[in-house]
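One structure below.
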Amino acid sequence: MLNSLDLEGRPEDTRVVVAMSGGVDSSVTAALLKSEGYDVVGITLQLYDHGAATHRKGACCAGQDIHDARNVAERLGIPHYVLDYEDRFRESVIDNFAASYASGETPVPCIECNRAIKFGDLLKTARELGASVLATGHYVASRRLADGSRALVCAADADRDQSYFLFATTREQLDYLRFPLGDMTKPEVRELARRFGLEVADKHDSQDICFVPTGRYTDIIGKLRPNAMEPGEIVDLNGRVLGAHQGIANYTIGQRKGLGIAAGAPLYVVKLDVATRRVVVGPREALRTHRITLREVNWIGDGVLDAAVRDGLELFVRVRSTRPPQPAWLRGADGQYEVELVAGEEGVSPGQACVFYDAASGRARVLGGGFIQSAVAESRTTAGLVRPQRVAEPVRG
């Protein structure tokens, strides 16, 4: 007989470590499992210097969050530990974040945090504490497959779905992870928090990059990678100088605002040339992309990746967390993979994730994904000709 976590044994004989951030989602996760009789242990990770962000609304994992997590644990009567992961977080997430921007990319630090810290180090700690599973408050779900392994699927609340940020989760990690909120909506979670008497029931959701207390990510980049803030030229597709900039890290592919140049028609950032410190701008059609190459591809679909894509695999991909999945083809082998976007996409930026799904909507299964290495955009001239050019791949010096 399986319990509610798809495990053998009674809840009271099952230890569960809950990653408690101090927010309403992880707090309700802990409360739900405690109410079902599980042996719950809460762990909060101190990831960075919380001084500047302690009482700022909208900051994830700030000092106030540790206080809130501790209060929730006390109310629930569960053990709670705060682990200092500042050095590890700085090395794995913050340094990589700055290096990625300095290379002309637009990184997604939450993905690396989940991959290296939460589902890497914290999962290992949970095992050492004798836990059968690690539970989190992510809006995503997992389902048992016929062979006993688990699949990652989108959350019931499409507006809160976090599957994009979890594509790098491995099969082994999925077997050990549980997501109790995957079938709930945010309003339902807040209502449960009220029923459990949790003070965080109406707490604001985190909105910013947790380690950027001012909201200005360039402050971090300028400190760790000052070369990314060196001035340079803004040029058009033909190399004509249109203006100057104060650092490539201030720009991302597809950006229109803040260019500081006058033009007869709207211009967008279409390329960041790190070697020459040039920001290349062009018309909107220059952003159109049909083909992207990937690196660090993770596969959690059926079978072996190379066998699945040998003849091309038809699926759906999301190239940005705020955009819906769209039809695509995945091809490649031996670590070299390419995605063909059937309808095309605008503003695809290196460093972002390209996540694979088996459906365009609903409770789609996540098949994996990779980080965008480069994109080939199509610039349509006034004569109606299409000129393919690699405009979104950062040039590293």
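Cβ coordinates come from backbone N, Cα and C, glycine included.
Look at Swiss-Prot and you will find Cys113 tagged as active site, nucleophile. Taken from Swiss-Prot, the feature active site, cysteine persulfide intermediate applies to Cys210, supported by sequence analysis. Taken from Swiss-Prot, the feature ATP binding site covers Ala19, Met20, Ser21, Gly22, Gly23, Val24, Asp25, Ser26, Leu45, Gly137, and the record attributes it to sequence analysis. Residues or ranges marked as disulfide bond by Swiss-Prot on the basis of sequence analysis: Cys113-Cys210. Look at Swiss-Prot and you will find His138, Gln352 tagged as site 'Interaction with tRNA', backed by sequence analysis.
Projection of Swiss-Prot feature records onto the structure.
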residue	record	CB count, 10 Å
Ala19	ATP binding site	25
Ser21	ATP binding site	24
Gly23	ATP binding site	22
Asp25	ATP binding site	25
Leu45	ATP binding site	25
Cys113	active site, nucleophile	26
His138	site 'Interaction with tRNA'	25
Cys210	active site, cysteine persulfide intermediate	21
Gln352	site 'Interaction with tRNA'	24
DSSP three-state assignment (helix, strand or coil) for Asp25 (ATP binding site): helix
Secondary structure of the residue listed as 'active site, nucleophile' (DSSP, helix/strand/coil): helix
Length of the line joining the Cα atoms of Cys210 (active site, cysteine persulfide intermediate) and Leu45 (ATP binding site), in Å: 12
Cα distance (Å, whole number) from Cys113 (active site, nucleophile) to Leu45 (ATP binding site): 11
By Cα-Cα distance, the member of recorded positions Cys113, His138, Gln352 nearest Asp25 (ATP binding site): His138
Conformational class of Cys210 (active site, cysteine persulfide intermediate) under the three-state DSSP mapping: coil
For Leu45 (ATP binding site), the three-state class that DSSP assigns: strand
Cα separation, Ala19 (ATP binding site) to His138 (site 'Interaction with tRNA') (Å, whole number): 10
Whole-number Å value for how far Ala19 (ATP binding site) lies from Cys113 (active site, nucleophile) (Cα to Cα): 13
Local backbone state of His138 (site 'Interaction with tRNA'), from DSSP in three classes: coil
